[in-house]
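Lifted from TrEMBL, the feature list:
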| type | residues | note |
| --- | --- | --- |
| SIGNAL | 1-30 | signal peptide |
| DOMAIN | 170-219 | domain 'LRRCT' |
| REPEAT | 222-264 | repeat 'EAR' |
| REPEAT | 268-310 | repeat 'EAR' |
| REPEAT | 314-361 | repeat 'EAR' |
| REPEAT | 363-406 | repeat 'EAR' |
| REPEAT | 410-453 | repeat 'EAR' |
| REPEAT | 455-497 | repeat 'EAR' |
| REPEAT | 501-543 | repeat 'EAR' |
Amino acid sequence: MAGLGARLGPGRRLLVLSTLGFCLMLQASAKRPPKTPPCPPSCSCTRDTAFCVDSKAVPKNLPSEVISLTLVNAAFSEIQDGAFSHLPLLQFLLLNSNKFTLIGDNAFIGLSHLQYLFIENNDIWALSKFTFRGLKSLTHLSLANNNLQTLPRDIFRPLDILSDLDLRGNALTCDCKVKWLVEWLAHTNTTVAPIYCASPPRFQEHKVQDLPLREFDCVTTDFVLYQTLSFPAVSAEPFLYSSDLYLALAQPGASACTILKWDYVERQLRDYDRIPAPSAVHCKPMVVDGQLYVVVAQLFGGSYIYHWDPNTTRFTKLQDIDPQRVRKPNDLEAFRIDGDWYFAVADSSKAGATSLYRWHQSGFYSHQALHAWHRDTDLEFVDGEGKPRLIVSSSSQAPVIHQWSRSQKQFVVQGEVTQVPDAQAVKHFRAGRDSYLCLSRYIGDSKILRWEGTRFSEVQALPSRGSLALQPFLVGGHRYLALGSDFSFTQIYQWDEGRQKFVRFQELAVQAPRAFCYMPAGDAQLLLAPSFKGQTLVYRHVVVDLSA
């Protein structure tokens with residue numbers, strides 16, 4: 001070195017010494033043990049584990065290499081979103097014996113390597129379906145001894161390889177909210193420790209795994225207001241023509257039969273056309289041999305039949321209805337018998353007659369006078385067991401049943417429904433093998449009657465003061481009865497198959513309805529309620545799964 005120093009100048013020698021000194025420092029530094037990462041005061045740490053007590057929050061300055069974390073007796077109650085995202089290598093997380101009440105939707109986001117998660121002995125009463133989102137490697141999960149009363153559907157869906165689950169020690173309410181859990185337990189490959197119901201009383205101390213699915217009646221229905229038509233109406237008749245859906249409404253206040261068309265894009269009823277009708281009480285559409293006709297029944301000024309001309313795209317008057325025979329129409333019924341088209345008009349005047357008209361070649365012609373001078377109010381056509389019948393209700397006598405005679409090609413009187421002497425409206429329905437009549441009364445209770453083979457017997461009376469309209473109808477597998485009143489809101493009843501009776505289901509804010517009409521429109525099931533005093537309301541039938 002002395003020789004080297006003698007050969008080099010003072011400046012160059014200083015540079016060489018500095019360089020050698022730096023190299024020696026690097027060598028000495030390389031031989032020192034690595035510095036221990038910081039550990040929060042509330043934790044005990046090794047290179048890859050941390051055990052924390054009385055922490056005021058999830059520690060943030062833990063070594064990033066930590067794969068095992070235990071938090072006990074923590075001084076906070078909420079695990080917030082991304083609480084452990086700074087520990088991406090975590091494989092074991094124990095959160096037992098704390099006072100946690102809330103876990104954020106993304107609390108465990110970023111923990112794609114986590115295999116064991118224990119959240120026992122806390123005060124958690126609810127979880128989100130997204131609580132365990134992102135835990136694709138989780139194999140063991142324990143939520144034992146919390147206050148969970150229910151679990152959201154699909155909460156375990158993100159846990160593809162979950163092998164062990166512990167839910168013991170929770171006060172589960174075994175209602176529709178846990179029906180999905182019963183189904184999941186029956187099909188999962190995950191080992192689940194036995195769990196028990198805390199309520200309701202009929203399931204208390206029952207194993208959740210053993211509950212029969214048939215015990216869960218979780219599907220309910222509702223009628224929700226769907227569209228408001230800002231005008232009164234007294235009848236509503238849906239019909240199909242040229243593959244489109246329409247609705248004919250009698251609007252005496254607007255002096256018209258209004259035709260609305262269903263808009264499948266906007267899913268609403270839209271204005272389409274109007275037929276002049278100063279005192280319309282019923283507008284009955286009929287499609288005969290591909291041609292559209294509308295029978296317009298009026299209290300004054302005569303009744304008419306209109307024909308839709310597709311060339312001019314307008315309605316034109318086809319013919320008059322005999323004003324001497326039909327003086328004060330109140331209802332219309334259209335039907336086919338043995339391939340022939342008919343319509344009947346209920347006449348409510350003292351001097352008129354309920355009359356039957358038949359289609360022949362180019363028009364409708366008087367076919368039969370059915371019921372004279374009885375102030376008839378309503379008609380119902382029943383085609384059961386191959387025996388067409390027409391039931392005529394009247395404010396002055398009991399409803400009369402007419403049966404079709406094929407030999408005479410007309411209706412003949414079969415009998416009376418003597419149990420209800422003053423029915424305003426008559427409708428029918430079938431439930432199973434039984435046939436029923438529904439009869440509304442303005443004064444007194446409305447009646448539900450069942451056909452017993454030779455006579456009708458009363459099975460139910462429904463309070464209905466002021467009722468002029470009722471309608472049974474079927475939506476899917478649900479049978480209902482709409483019962484209107486001039487003095488109170490409309491009542492919807494639902495058929496109870498076990499009791500073979502209607503039970504009160506829902507009240508609709510419809511006053512003074514004059515008809516009810518069920519109209520399927522694509523995937524929308526609609527109930528129309530034309531009102532004499534207010535707006536015509538359209539309700540939609542919805543099915544609600546309480547287990548969802």
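Glycine residues also receive a Cβ, built from the backbone N, Cα and C atoms like all the rest.
Secondary structure of the repeat 'EAR' (410-453) per DSSP (helix as H, G, I; strand as E, B; remaining residues coil): 0 helix, 27 strand, 17 coil. Using a Cβ-Cβ cut-off under 8 Å and counting only residues 6 or more beyond its ends in the same chain, the repeat 'EAR' (455-497) has close neighbours at 221, 223, 417, 419, 424-425, 427-429, 431, 436-438, 440-449, 503-518, 525, 527, 529, 541, 543.
Same-chain residues lying 6 or more positions outside the repeat 'EAR' (363-406) and placing a CB less than 8 Å from one of its CB atoms are 293, 295, 305, 318-319, 322, 325, 330-333, 335, 337-338, 342-344, 346-357, 412-428, 430, 435, 437, 439. Taken together, the residues of the repeat 'EAR' (222-264) have an average pLDDT of 96. Long-range contacts of the repeat 'EAR' (222-264) within its own chain (CB-CB distance under 8 A, at least 6 residues past either end) are made by residues 270-287, 292, 294, 296-297, 299, 308, 310, 492, 506, 508, 514-515, 517, 519, 521-522, 524, 526-528, 530-542, 544.
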